[in-house]
């Protein structure tokens with residue numbers, strides 16, 4: 001076999017290993033706390049309770065994760081990319097009016113709730129793992145919170161170095177983790193095979209009919225088994241649909257099923273093991289090693305949501321829902337490996353506060369469920385708008401029925417968690433509302449600024465024709481004017497002519513456009529149009545998962561259009577620096593205008609975001625009434 005064919009054969013395995021390490025870290029560590037959170041509600045734990053809850057848990061895994069996410073939602077890809085914002089772009093494509101606004105609001109709120117998830121996952125995962133030392137010895141209980149804080153501090157501290165090197169270990173670590181789950185659970189099931197009856201959905205239905213109110217409230221805890229389901233969809237672009245599906249059905253689902261059944265088997269024999277059924281499955285001689293492995297696995301799970309928060313923020317910036325932020329690439333090879341210092345610092349502070357405030361994983365469980373079910377519900381509604389598109393007749397009706405049933409399940413899960421708002425669910429709700437408000441305020445403010453500039457616009461073609469007829473003094477070199485709308489005269493050009501009364505020999509009007517697809521092919525990167533004898537328009541296109549690099553794009557333009565003269569040392573960039581002031585009849589309320597102004601002042605400067613050399617930039621200040 002040739003080297004190339006060997007590489008081709010090994011690639012699916014490598015992708016599957018990567019999916020195990022990144023995609024399934026969150027859902028793979030759920031057994032640490034899920035069953036305990038479900039069954040602690042029962043004062044007198046009976047076999048019927050254990051088997052009923054196990055049956056509900058198993059069939060939710062099958063319906064929500066296996067069927068909804070792995071088989072259906074993964075079909076809704078935006079050129080291979082997944083995630084809430086990618087799904088939002090598909091949902092609004094070709095739509096307008098109130099329906100478009102409705103989907104935008106849903107998608108943005110779903111993305112906002114993800115930040116709550118990104119804060120809770122590291123806290124609850126690491127806490128639940130280190131709580132295992134309390135099983136080893138109760139004298140170690142006071143060390144649980146300090147050790148969790150140390151692990152989390154170390155995790156966030158290494159983010160700036162990138163996850164490339166550590167990431168190579170994630171796959172093998174999670175293979176060992178899932179194998180351990182299967183072995184521990186399988187051994188317990190072997191000792192108490194009666195637990196296997198929980199795989200029969202009759203037990204779930206019987207439990208629901210016997211304890212209807214308890215069953216509904218219990219959904220708020222059972223949903224913890226589904227945490228990380230969104231990661232399957234969000235990380236589709238990294239590993240592809242086939243690898244994610246193979247990893248789920250070949251290893252993750254069997255291991256999780258055995259682990260949950262194993263905990264149930266242990267509880268059937270010894271209901272007092274409810275204090276920590278996961279760690280009590282292990283023999284005493286292996287407890288310390290299991291605590292260490294669990295801690296590493298929860299670090300992997302935490303890394304997945306931290307990286308996810310970085311990716312979601314970059315997409316929000318590119319799509320115009322968030323101000324520009326510093327984005328650092330931590331790998332010269334993998335363009336998806338990025339680091340956002342401000343996001344990392346905010347997440348770290350939030351996670352540390354959560355650990356210090358809630359102090360154990362059981363207290364955090366209520367907060368976790370609300371964030372998870374909220375995001376899942378938003379995804380289902382958007383999928384309802386995307387997946388049936390293009391279908392007709394019976395096929396479309398089939399899609400609507402299936403998605404309708406799944407939507408009802410998500411509504412039930414979300415509704416059950418509403419009752420836990422006072423227990424901790426308020427935290428992700430508060431985070432979601434704050435982030436949603438900030439994102440919508442930024443989008444609204446930018447739209448108002450664009451409308452004001454459009455209202456005061458001067459047609460570019462007409463203006464440049466006048467300059468050619470009545471030319472001002474010319475200076476050597478090329479001036480690049482950054483503009484939102486290439487059809488209108490940039491304010492920076494007007495200010496330059498007003499104050500400096502000169503124009504460069506060559507003028508390029510440059511716009512950046514972000515498409516609703518993740519990546520743009522190099523041959524479609526830019527378009528150029530001549531405006532006058534000495535001026536041109538250029539539009540540079542990027543996908544919402546790409547980082548703008550203006551000098552590199554202009555290098556490509558210069559190769560194709562040498563007459564523009566874009567030699568770096570003879571090129572100056574003219575940018576507008578806008579300051580927002582109150583208008584007599586403001587278009588925004590005072591508090592929103594204050595928030596928008598604060599976000600604008602603290603956004604990353606255009607020079608850094610677009611990678612423009614600072615020594616080649618001239619900024620023209622201007623005030624805009626809002």
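Cβ coordinates come from backbone N, Cα and C, glycine included.
According to Swiss-Prot, the feature transmembrane segment maps to 13-33 (among others).
Positions annotated as transmembrane segment by Swiss-Prot: 53-73 (among others).
Here Swiss-Prot flags 102-122 (among others) as transmembrane segment, drawing on sequence analysis. Under 8 Å from some Cβ of the transmembrane segment (102-122) lie the Cβ atoms of residues 26, 84-85, 87-88, 91-92, 95, 152, 155, 227, 230, 298, 301-302, 305-306, 308-309, 312, 316, 321, 347, 350-351, 354, 364, 367-368, 370-372, 374-375, 377-379, 381-382, 385, 427-429, 431-436, 439-440, all in the same chain and six or more residues away from its ends.
Counting only same-chain residues 6+ beyond the ends of the transmembrane segment (138-158), those with a CB under 8 A from a CB of the stretch are 122-123, 126-127, 130-131, 166, 295, 299, 302-303, 306, 344, 347-348, 351-352, 355-356, 359-360. Residues annotated as transmembrane segment in Swiss-Prot: 138-158 (among others).
Non-local neighbours of the transmembrane segment (169-189) in the same chain are 17-18, 20-22, 24-25, 28-29, 31, 195-196, 251-252, 254-263, 265-266, 281-282, 290, 293-294, 296-297, 300, 303; each lies 6+ residues outside the stretch with a CB under 8 Å from one of its CB atoms. Swiss-Prot lists 169-189 (among others) with the feature transmembrane segment.
Long-range contacts of the transmembrane segment (207-227) within the same chain: residues 26-27, 30-31, 33-34, 37-38, 41, 48-49, 51-53, 55-57, 60-61, 64-65, 117, 121, 256, 260, 365-366, 368-369, 372-373, 376, 412-413, 415-417, 419-420, each at least 6 residues beyond the stretch ends and with a Cβ under 8 Å from a Cβ of the stretch. Per Swiss-Prot, the feature transmembrane segment maps to 207-227 (among others).
What Swiss-Prot lists as transmembrane segment is 248-268 (among others).
Summarising the annotation, Swiss-Prot assigns transmembrane segment to 277-297 (among others) and lists sequence analysis as the type of evidence. Sequence-distant contacts of the transmembrane segment (277-297) (same chain, at least 6 residues past either end, Cβ-Cβ under 8 Å): 25, 28-29, 31-33, 35-36, 126, 128-130, 132-133, 135-136, 151, 173-174, 176-177, 180, 184-185, 187-188, 259, 262-263, 266-267, 270.
Taken from Swiss-Prot, the feature transmembrane segment applies to 338-358 (among others).
The transmembrane segment annotation in Swiss-Prot covers 367-387 (among others) and rests on sequence analysis. Sequence-distant contacts of the transmembrane segment (367-387), counting only residues of its own chain at least 6 positions beyond either end whose CB sits under 8 Å from a CB of the stretch, comprise 64, 68, 72-73, 75-76, 84, 87-88, 90-91, 103, 106-107, 109-110, 113-114, 116-117, 120-121, 124, 220-221, 223-224, 226-227, 229-230, 233, 354, 358, 399-400, 403-404, 406-407, 410-411, 413-414, 416-418, 420-421, 423-429, 431-432.
Feature annotation from Swiss-Prot assigns transmembrane segment to 399-419 (among others); the stated evidence is sequence analysis.
The transmembrane segment annotation in Swiss-Prot covers 421-441 (among others).
Of the ranges 53-73, 338-358, 399-419, 421-441, the one with the most Cβ pairs under 8 Å to the transmembrane segment (248-268) is 53-73.
Within its own chain, the transmembrane segment (53-73) has Cβ neighbours under 8 Å at 27, 34-35, 38-39, 82, 195, 198-204, 207-208, 215, 218-219, 222-223, 225-226, 229-230, 232-233, 244-245, 248-249, 253, 256-257, 260-261, 264, 376, 379-380, 383, 387, 402-403, 406, 409-410, counting only residues six or more beyond its boundaries.
Residues 105, 108-109, 111-113, 115-117, 119-120, 316, 321-322, 350, 354, 358, 363-371, 374, 592, 595-596, 599 of the same chain lie 6 or more positions beyond the ends of the transmembrane segment (421-441) yet place their CB under 8 Å from a CB of it.
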